[in-house]
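Step one of this worksheet: look at the structure below.
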Amino acid sequence: MKSEPGNEFLERAANLLSRVPLIDGHNDWANIIRGYYSNKIHVRNFSREESLVGHVDIKKLRKGLVGGTFWSAYVDCPAQDKINVFNDDSYLETIRETLQQIDLILRLIKKYPDDLELATTSSGILSSFQNGKIASLLGIEGLHQIGNSPSVLRMFYNLGVRYATLTHNHNNAYADSATAKTPVHNGLSIKGRAIIQEMNRLGMIIDLSHTSEQTAEDVLRQTRAPIIFSHSSAFGVHPHPRNVKDNILHMLKSNKGLIMISFVPEFSSADPGLSSLMDVVKHIIYVGELIGYDHVGIGSDFDGMARAVLGLSDTSTFPRLVAELIANQIPEGDVEKIVGGNLIRVMGDVEAVAHRQCEDDILELEEEVKPLWDDAFKAKIAAAYPEALALNAL
């Protein structure tokens with residue numbers, strides 16, 4: 001395995017990225033704007049200024065020849081999740097903050113229309129790329145963000161969200177996390193199985209990064225649509241709990257899904273301080289040789305970590321990774337799939353499943369809501385409308 005891509009490979013990488021959009025599966029720029037700039041997007045110029053905080057700004061994205069990215073509208077798990085308590089009312093602040101983050105991303109897209117364009121479909125990604133814009137897709141990072149409500153999931157979809165990670169660092173009402181102290185559902189809960197069906201119906205991509213092995217297995221046995229791991233790596237290269245084991249990767253192949261390799265040093269090697277671009281390449285090659293390059297992508301997690309692996313310092317450095325893949329003799333047709341072709345295919349397949357379910361008249365997942373009227377008032381209403389009461393009895 002070569003140590004540094006030369007100019008020839010960088011030129012070939014640039015040429016490839018002029019033909020095919022590089023789509024990053026997970027980017028936390030919105031989180032750092034919330035943390036450092038308190039969501040005030042007019043205090044700095046994110047398209048022109050130098051030396052801005054973090055791994056991401058528009059100049060870096062352009063230098064990195066980025067064709068599209070999933071912006072994460074991430075909000076942390078509430079404290080109750082840490083003790084496996086999932087009360088509905090405790091998620092109200094989580095839902096509010098998620099809406100704030102979705103709004104932030106949409107405002108950034110509106111503020112920088114020469115560079116960013118909202119994409120909600122696979123064809124929309126290609127359209128944005130052809131128009132010279134960075135296709136901007138939205139994801140949420142954990143179903144704690146929907147507050148135990150499929151109605152909220154649907155509203156997020158209507159706002160443009162196209163993938164939902166099932167868990168973050170803690171369990172929730174739907175599924176177990178890879179990093180929780182103990183499981184509570186042994187994979188998916190009953191509600192979790194219902195929400196998987198709803199996500200298939202809706203056309204929401206299921207993201208299994210952060211989930212436990214049993215959760216991933218349960219989902220892969222149930223889902224009718226391909227899934228993704230938006231920012232994970234291979235357990236067979238480095239045995240970290242956030243990485244994906246071979247048995248799950250083989251199921252992923254059967255599912256026609258996608259694992260998008262992360263740049264997080266702790267996921268990349270046993271020595272995070274020395275984790276490098278070459279370790280990311282090792283993970284990509286490992287998965288490609290195990291299950292095929294049709295199932296590998298890139299999910300950096302930029303701005304979701306203090307420091308990325310050496311050699312991939314920020315979004316401007318993506319061409320170095322692409323050049324290294326070419327230098328390691330991965331056929332350019334496969335590299336095109338890795339950088340974005342696979343994600344576009346998966347998204348199109350998810351859309352097709354949703355379309356078929358619509359044709360089959362699969363109904364949306366309804367939920368129990370807090371009672372508005374008591375039985376006595378319902379009886380008064382029923383007495384006022386005897387015809388309706390008679391129809392209800394049929």
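Cβ from N, Cα, C; glycine included.
According to Swiss-Prot:
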- His26, Asp28, Glu141: Zn(2+) binding site (BINDING)
- His168, Arg242, Asp301: substrate binding site (BINDING)
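Here the features listed in Swiss-Prot are placed on the structure.
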| residue | record | DSSP (3 states) |
| --- | --- | --- |
| His26 | Zn(2+) binding site | strand |
| Glu141 | Zn(2+) binding site | strand |
| His168 | substrate binding site | coil |
| Arg242 | substrate binding site | coil |
| Asp301 | substrate binding site | coil |
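In this structure, the binding-site residues Asp28, Glu141 were compared by how many other Cβ atoms lie within 10 Å of their Cβ, and the smallest count belongs to Asp28.
Recorded residues Glu141 (Zn(2+) binding site) and His168 (substrate binding site) have their alpha carbons 6 Å apart, per Cα-Cα distance.
Cβ neighbour density within 10 Å is lowest for Arg242 among the binding-site residues His26, Arg242. When Cβ atoms from all protein chains are considered, those within 10 Å of Asp301 (substrate binding site) total 23, not counting its own. Counting only the Cα atoms, the space from Asp301 (substrate binding site) to His26 (Zn(2+) binding site) is about 5 angstrom. Highlighted in sequence order, Asn27, Asn31, Phe70, Ser72, Tyr74, Gly139, Thr165, Ser230, His231, Asp301, Gly304 have their Cβ within 8 Å of the centre of the Cβ atoms of His26, Asp28, Glu141, the residues recorded for Zn(2+), and are not part of that set.
Take the mean position of the Cβ atoms of His168, Arg242, Asp301, the recorded substrate site; other residues of that chain with a Cβ within 8 Å of it are Glu141, Asn169, Ser209, His210, His231, Ser232, Ser262, Val264, Gly304. For His168 (substrate binding site), the count of additional Cβ atoms within 10 Å of its Cβ stands at 24 [all protein chains shown]. For Asp28 (Zn(2+) binding site) paired with Arg242 (substrate binding site), the C-alpha to C-alpha distance reads 17 Å.
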